[in-house]
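Novice: Attaching a single structure in structure tokens format; questions to follow.
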């Protein structure tokens, strides 16, 4: 059975990696599908994100990494996937994901959505939070794979890390 795990992964976090690793135990193949979202300005290019994911999933024999644009369900159909794999951090994630699952099912009746709840230690984690912490010089080593922490450090090396008040006239 093929599962597609879609996302922007900008950057991939340990929460994402946890879902990938657990998905690999459940499915014959897990396709990590990096989306090219025209509504978001990414920190890393699609190629960089693919390389980051490839590096931190080398230990998983049944992972494929790919990129796509357009509807996730259309991509899943093209890949002949039976499952969309989604991670849930909180009830608020479930409300959104449930709506998406119903919409995807209406577009492609053969697709099922499987939700994996994140491990407790990652229930608060998001790529946006990781970027914010890294941007201001905080350590993200406990939030992302080691290769991604290095990439983030390089990316924000020129950003001032001290919080300072903004002078008002």
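Keep in mind that glycine also has a Cβ here, set from the backbone N, Cα and C atoms.
Note that the coordinates shown come from a computational prediction; the quantities given were computed from them, not determined experimentally.
Taken from Swiss-Prot, the feature substrate binding site applies to 8, 40, 72, 86. Annotation comment: Swiss-Prot describes 8, 9, 16, 87, 88, 89, 97, 122, 123, 124, 125, 126, 127, 128 as ATP binding site, evidence class sequence analysis. The site 'Transition state stabilizer' annotation in Swiss-Prot covers 16.
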Novice: Helix, strand or coil by DSSP: which one applies to residue 16 (ATP binding site)?
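Specialist: It is helical.
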Novice: What is the number of other Cβ atoms found within 10 Å of the Cβ of residue 97 (ATP binding site)?
Specialist: 16
Novice: Hey, does DSSP put residue 86 (substrate binding site) in a helix, a strand, or just coil?
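Specialist: Reduced to three states, the DSSP call for residue 86 (substrate binding site) is strand.
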Novice: I'd like to confirm something. Which of the binding-site residues, 8, 40, 72, has a Cα closest to the Cα of residue 88 (ATP binding site)?
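Specialist: Sorting the binding-site residues by distance from residue 88 (ATP binding site), the top entry is 8.
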Novice: Have a look at the binding-site residues (8, 127) and report the one with the fewest Cβ neighbours inside 10 Å.
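Specialist: 8, out of the binding-site residues 8, 127, has the fewest neighbouring Cβ atoms within 10 Å.
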Novice: Name, in the order they occur in the sequence, the residues of the same chain whose CB lies under 8 A from the CB of residue 16 (ATP binding site) and which sit 6 or more residues away.
Specialist: 7, 9, 87
Novice: 88, 125: which of these binding-site residues has the sparsest Cβ neighbourhood within 10 Å?
Specialist: 88
Novice: Once the chains shown are all counted, how many other Cβ atoms turn up within 10 Å of the Cβ of residue 40 (substrate binding site)?
Specialist: 10
Novice: Looking at ATP and its recorded binding residues 8, 9, 16, 87, 88, 89, 97, 122, 123, 124, 125, 126, 127, 128, figure out the farthest C-alpha pair and report it in angstrom, whole number.
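Specialist: Among the residues the record ties to ATP, max Cα distance equals 18 Å.
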Novice: Want to know which binding-site residues, from 97, 123, 125, 127, are within 10 Å of residue 86 (substrate binding site) at Cα; which are they?
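Specialist: Neighbours among binding-site residues, in sequence order: 97.
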Novice: Using the structure shown, find which entry in 72, 123 (the binding-site residues) has the sparsest Cβ neighbourhood within 10 Å.
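Specialist: Minimum Cβ neighbour count within 10 Å, taken over the binding-site residues 72, 123, occurs at 123.
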Novice: Under a three-state reading of DSSP, tell me whether residue 125 (ATP binding site) is helix, strand or coil.
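Specialist: DSSP call for residue 125 (ATP binding site): coil, neither helix nor strand.
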Novice: Using only C-alpha positions, which one of 8, 40, 72 is spatially nearest residue 127 (ATP binding site)? These are the binding-site residues in the record.
Specialist: 8
Novice: Of the binding-site residues 8, 40, 72, which sits closest to residue 125 (ATP binding site) by Cα distance?
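Specialist: Ranked by Cα distance from residue 125 (ATP binding site), first place goes to 8.
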